[in-house]
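Notes for the one structure printed next.
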Amino acid sequence: MVRWLTAGESHGPALVATVEGLPAGIRVSSTDIGAELARRRLGHGRGARMKFEQDEIELLGGLRHGVSLGGPVSVVVRNTEWPKWERVMAPDPIDPAELEGLGRNAPLTRPRPGHADLAGMQKYGFDDARPVLERASARETAARVALGTVARALLRQAYGIEVVSHVVAIGAVEVPPGTPPPTSLAVVDADPVRCADPASSALMVAEIDAAHRDADTLGGIVEVLAYGCPPGLGSYVHGDRRLDARLAGELMGIQAIKGVEFGDGFRTARRRGSVAHDEIEPLEGPGRRVRRASDRAGGVEGGMTTGEPLRVRAAMKPISSLSKPLATIDVATGDPAVAIAQRSDVCAVPAAGVVAEAMVALVLAGAALEKFGGDSVEETRRNYEGYLKSLAVR
């Protein structure tokens with residue numbers, strides 16, 4: 001069973017992440033993790049923090065000489081701004097006199113609409129939004145991307161699975177239906193908004209610039225594809241074992257994600273059954289080999305992969321920290337007020353795709369290991385290859 005946890009606050013000393021249940025023999029390094037974290041900072045419309053934020057990575061356990069040992073893998077992502085926050089966010093008790101006059105320590109009593117601020121204050125009994133926003137911040141996704149790098153390495157090395165994401169909508173701009181999905185991360189990452197369609201990309205950039213001029217924010221939709229998944233990952237036996245249910249849960253757990261769909265998703269609900277499903281056809285060659293004539297289901301049927309590319313989309317709402325804050329109340333007085341203004345992005349949809357890749361990789365790694373087992377990459381690859389050879393219909 002693959003499990004993971006993260007700890008840490010946005011302006012704390014570091015984020016800490018641990019994943020367990022992965023086999024020995026995965027080749028991965030801090031350089032690989034650093035490259036993925038750099039991808040997370042990509043995208044036109046990111047805020048000032050992305051310009052000076054550098055992720056300092058330290059591998060604490062689970063690897064030796066760039067190869068996993070089979071135990072838990074732990075990663076620390078240090079906060080390079082910690083010296084500015086070490087008194088305000090000190091984990092240990094601190095003399096109140098040291099906090100006097102520090103602007104960063106001022107209570108945040110005007111919760112932002114759309115953010116975790118107010119509900120978190122109510123739930124945990126805080127009179128200040130600082131403890132809520134520090135953990136609720138999307139900064140936490142850096143830890144998940146770090147762990148996703150390890151899972152991605154396993155998928156590539158043991159099963160030949162590649163995970164790719166791209167932006168299909170920002171604001172009112174959408175990629176035209178039928179646009180071929182990308183197969184190369186390098187091509188997508190070279191685009192300013194990580195969009196595979198150049199014409200749509202230019203319109204998205206213009207949309208972001210217009211929102212910036214209006215002191216506003218934008219959401220959008222990312223699509224994640226996993227190429228090379230064999231049939232049979234996941235299960236129809238129980239709801240919580242269905243692969244699409246597990247993927248949807250982890251994607252919805254990403255900050256600001258408000259919806260998930262597989263394949264043609266909600267469009268399928270508006271079609272008749274005769275044009276909603278993927279017909280099955282034989283392939284030429286030895287053995288009984290088949291394929292789907294289309295991929296409307298997104299590579300998942302009955303909670304299991306079909307062997308076609310896995311295709312899942314996640315919808316991200318506009319960022320709730322605005323330069324022109326919305327109406328709220330001051331919880332200290334109960335009076336009407338405007339929400340607190342925090343440094344933020346205009347649009348973080350391109351980065352959301354990178355985070356979504358990480359979560360898809362972690363879920364697929366867990367599903368593959370449940371199916372094929374193995375305490376080492378070599379063993380699980382051998383089991384995987386044996387499974388493919390034994391399929392009655394491939």
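Indices start at 1 and increase along the chain as displayed.
The backbone N, Cα and C atoms fix where each Cβ goes, glycine too.
Keep in mind that what you see is a predicted model, and the values were worked out from it rather than measured.
As annotated by Swiss-Prot, NADP(+) binding site applies to Arg40, Arg46, with the evidence given as sequence analysis. According to Swiss-Prot, the FMN binding site annotation covers Arg135, Ala136, Ser137, Gln255, Ala256, Gly302, Lys317, Pro318, Ile319, Ser320, Ser321, Arg343, on the basis of sequence analysis.
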Notebook entry, point to check: In Å, rounded, how far does the Cα of Arg135 (FMN binding site) sit from the Cα of Arg40 (NADP(+) binding site)?
Noted result: 18
Check: How long is the line from the C-alpha of Ser137 (FMN binding site) to the C-alpha of Arg46 (NADP(+) binding site), rounded to the nearest angstrom?
Finding: 15
Checklist line | Pairwise CA distance, Lys317 (FMN binding site) versus Arg46 (NADP(+) binding site), rounded so that it is a whole Å | finding: 15
Margin query: Let me make sure I understand the span of the FMN site: among Arg135, Ala136, Ser137, Gln255, Ala256, Gly302, Lys317, Pro318, Ile319, Ser320, Ser321, Arg343, what is the greatest distance between any two Cα atoms, in Å?
Written below: 43
Notebook entry, point to check: Using DSSP, would you call Arg135 (FMN binding site) helix, strand or coil?
Noted result: helix
Next item on the list: List the same-chain residues at least 6 positions away in sequence whose Cβ sits under 8 Å from the Cβ of Arg46 (NADP(+) binding site), in sequence order, or say none.
Entry: Asp345, Val346, Cys347, Ala348, Ala351
Item checked: Conformational class of Arg40 (NADP(+) binding site) under the three-state DSSP mapping -> helix
Item checked: Cβ contacts of Arg40 (NADP(+) binding site) (under 8 Å, same chain, 6 or more positions away) -> Thr141, Ala142, Val145, Ala351, Val354, Val355
Checklist line | Cβ-Cβ distance under 8 Å to Ile319 (FMN binding site), same chain, at least six residues away | finding: Thr217, Leu218, Gly219, Ala256, Ser344, Asp345, Val346, Cys347, Ala348
Next item on the list: Measure from the Cβ of Arg135 (FMN binding site) and count the other Cβ atoms within 10 Å, all protein chains considered.
Entry: 16
Margin query: If you count CB neighbours within 10 Å, which one among the binding-site residues Ser137, Ala256, Lys317, Ser321 has the smallest count?
Written below: Lys317
